[in-house]
Amino acid sequence: MFQTFLKIGLRHLWRTRIYAFINICGLAIGLTCVLLASIYITDERSFDNFHKNSPNLYRITTRTETNGIAETVGGTGQVQGPAFKAQVPEIQSYTRIMGGDIYGDVKTADKVFQLQMLFVDSTFFDVFSFRMRSGNPATALLGNGSVVVTEKTALKFFNRTDVIGEVLQMAGDPSAKRLGRPLVITGVVENPPSNSSIQFDLLFPFQFLQLSFEDNNWLNAYLGTFVVLKPGTDLPTVVRKFNQIAKISSKDQLAAFEKEHASMPKISYDLQAITDIHLNPQDIADQNREAGVINGSKPIYSILFLTVSGFILFMASINFINISIADSARRAKEIGIRKVTGSRRRDIFLQFIGESAFISAIAFVFAFLTALVLLPVFNQLSGKQILPESIFQPRMLVWSAAILVFNTLLSGAYPAYLLSGLTPIKVLYEKGYLTGRSISGRVLVVFQFATAITLGIAALVFREQMYFIQNKDLGYNPQEVVQVHINNNGANDVQSVKSGFESELRNKPQVRQLSLIGDFGYRQARVGDRKFNSYYLTIDEHYLDMLEMKLKSGRNFSTLSQSDKKKGVIVNEAFLRAANIENPIGATFFPDSHFGAQPLTIIGVVGNFHYNSLKERIEPLVMPMSDQFGGGTLLFKTDRTNRQAAVSDIQHAFQQLLPDAAFTYYFLDDLNSQKYQQEKRLEKMISFATFISVLICCLGLFGLAHLSLMQRRKETGIRLVLGATVSEIVILFSKHFIRLIAIALMLACPTAYFIMNFWLSDFAYHIPFPWWTLPCNGILAILFTFITVGIQSARAAAANPVLALRSE
Amino acid sequence: MIKLEKISKYYPAGFGKTYVLRHIDLHIKEGEFVSIMGPSGSGKSTLLHILGLLEEPSEGEYLFLDEPVQKLSEKKRTELHRHHIGFVFQAYHLIDELTVYENIETPLLYKGTGSSERKSRVAELLDRFNMVAKKDLFPHQLSGGQQQLVGVARAIVHNPKVIFADEPTGNLHSEQSIEIMELFQKLNQEDKVTIVQVTHSETNAGYGNRVVRLKDGWLA
């Protein structure tokens, strides 16, 4: 019996191979998308689960509530870890980690690199399962002069991995200065896997950091504290203990804070499982990520990805469903005969499900291979580093089987249900019981087109917004500006580095201007009793000129005026609005305590400019002229025609002045566009999805049109004999589909408008909804339909009608 | 073997009903060769469908092999189709994807016949109908008369007790018709198969031993 099914199935496939081709192509494309989405999700969910301790491994998070505004961040200060460990017996072990976005210049006798540093407690290897290649994990991080390197780092410096006992210099690093001797490599660790939130090139003992940076403040939260709890521990109990300990220990510091700021933050702690961190990184806002955790993501990307690929697969399934039903005339007789000779509905249902499984399986094989081939492209698109092997891991194979079953049912169940329900009387005696124009078939086609059109509109809106962002007047000119970061070398060093650059580059015409700035992030400002957050950027007298910013009123800093450096400040217009100052020049306000207790006097006002991404609104900005630099950023304006020469001049000067540091540079406009990387990926993905869905729609249309032409061959012949023209025939066949597309358009437009408006509102600066995208997509959809259906019907109409009539 | 009592069939039409068959009482004994005749629209085909368990009567009682079929489950009905009933259609209705051999074999597959028995049974029929050379051809490669021969072979391959034939020669020219009707007669007389056919042709009816006439749904 099964044999006959197989035989009939195969022969039917062969006879209708054009439809089989459409189905397999479409399903293979859809399945490829779903496969890639599941690879993506599997990878997203696999983050940090390789740690042996992961079921009991938690990060301590800090919730701070100030003046009713609460914020939870994935970090603590230096004191919490040791204090909790000492007093909470449920903690089996703990480690602090500080790093992630901390880079330092590390050198040997002949090489220097800028590398990712992570400062960790000696228990690091107890807590996490990063594997040591050589060295003793228990002792490698004891003592303040040791360092553990990754294999990659070892190879970079020494071209080999047996490097225990070798030394590394960090001349510029304040801790290394205190240490006064080079660091000795005590261990080599495997490179952190790509699905680890904790990434590093070098591990330093926490004591090493503490040589230059010790902090006992309970109110701080900037580094990561990870604890391993004893199995079976009750989390709320532990958290309660944390809060009790903190309450007692931080009492004095809180009181001092209240005295200074006239407000009392409420601080409480919580635990976050390490495997939850990747999708909820709780980065510390407005600061560099120094709590050790990077690569953070959001579940929305997984959801979006799965949804879009699911839709694409569904569209392909719709093709399958519609073609199966429209083609059922051919199968109906078989079904009738089967029933008459004693086949039950269940048998026939299973037969059709089986055929759908067969098609799905073929498509799946293609999809699997395509996914493998596309993996590098996909990695580039998604920013991941997924290896081909990972497709074959058991979890993925289970996923694959589930997808296959799901797809078989998705595309096979409805036709099988419908066809197995046909009664023999109907199919053997009546004609026209089922055609491609069933209501459900039409609904499905409309749905399919609505999806494609929605995606099309989304893609266009996306492009428009991205174009807007990249071409918006930022309020300054980032062109030809090279940015070089100078690491934290102690307060006065940066200024002397700057003068060094000035004299080195004096005779180089390619480098036209130089400016030194320092970024201090959001801090408080006080005008009278009005307090608000402002962005602090220390600048020099060249900054405004170099970036071609316009002063709205007042003047620029001058080196001639001694008071500018001490008391002068330039602010932006948003600051004036927030401070409610009407006559700004000469007005004073109190800056953040970091910039002294004395008031600053406004000497100039610049127009608002986008110092951050366009997703963020322009906030008040304070630009003092200050010597207060930790590290700093040097900006060089280069000659348009000679950028590369300028960069090599800068590099040359850099190596003269800072022999211990690694030279890295960025063009400011590149840096700006990097802020939209996520959006650019999304844009590519949506364009791609649009392309695919249009392709699938056209395939489906092609199939349906082909079928209806075959079924209406006689009709076409008669019409032609009666004197219809080719164009009349084309219109006759296209009309039906065009009508469906019109309905799809009516559904898609509001949907796309709603979704894309929502997306646009995420940008503080965005275009108004581009209405032209709606008719544009409509016209494109109709055009595509006309081409797909028209060409075929024209061909049918051009054939000799006698052939069509005789064959009946 | 077949016993119809007060069988009626109607379809809802507007607020009333349209009767296709009215109060049909009909007994067919095993071994009979019955021809149902009547003008177009008199209900011949509907009667045949009811007899063949393809349609259910609206009223009345139908005993097939002494069993009331109205009450049968789908499963039971399928069993009857598998073992006791064969159909021959005007339009042959062969499965296009299957060869002559495979078409004839199909009912045996549903009946669950073993493979060697299947082979010998199909071979026997092919031989008897002089179609051995054509066994690997597909239906569209055959003439109408040959297709109907396959149709008949398929109807009898599982040794049914009764064959229902709906204008079996309607699409054939006279020579082919004679061939098919002689085959029916032989099946009836030699193999003792009960045959019920619907036909327009008095000549064809002459091959049988009883004629049932219908007019406007009534037995005439």
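Cβ atoms here come from the backbone N, Cα and C positions, even for glycine.
Marked as domain 'MacB-like periplasmic core' by TrEMBL: A:21-244. The domain 'ABC3 transporter permease C-terminal' annotation in TrEMBL covers A:307-423, A:688-801. Summarising the annotation, TrEMBL assigns transmembrane segment to A:20-42, A:299-321, A:348-375, A:396-419, A:439-462, A:685-705, A:740-760, A:772-791.
Same-chain neighbours of the transmembrane segment (A:439-462): 308, 311, 314-315, 318-319, 321-322, 325-326, 414, 679, 682-683, 686-687, 689-690, 693-694, 696-697, 700, 704, 737, 740-741, 743-745, 747-749, 751-753, 755-756, 759-760, 769-770, 773-774, 776-778, 780-781, counting only residues six or more beyond its ends whose CB sits under 8 Å from a CB of the stretch. Tertiary neighbourhood of the transmembrane segment (A:772-791): same-chain residues 449, 452-453, 456-457, 460-461, 464, 694, 697-698, 701-702, 705, 730, 733-734, 737-738, 741, 744-745, 748-749, 752-753, selected by CB-CB distance under 8 Å and a gap of 6+ residues from either end.
In the predicted model, the domain 'ABC3 transporter permease C-terminal' (A:307-423) has a mean pLDDT of 87.
Tertiary proximity for the transmembrane segment (A:740-760) is limited to same-chain residues at least six positions away from its ends with a CB under 8 Å from its CB atoms, namely 442, 445-451, 453-454, 457-458, 461-462, 465, 766-767, 769, 773-774, 777-778, 781-782, 785. Secondary structure of the domain 'ABC3 transporter permease C-terminal' (A:688-801), assigned with DSSP and counted as helix (H, G, I), strand (E, B) and coil, comes to 95 helix, 0 strand, 19 coil.
DSSP labels the residues of the domain 'ABC3 transporter permease C-terminal' (A:307-423) in these numbers: 103 helix, 0 strand, 14 coil.
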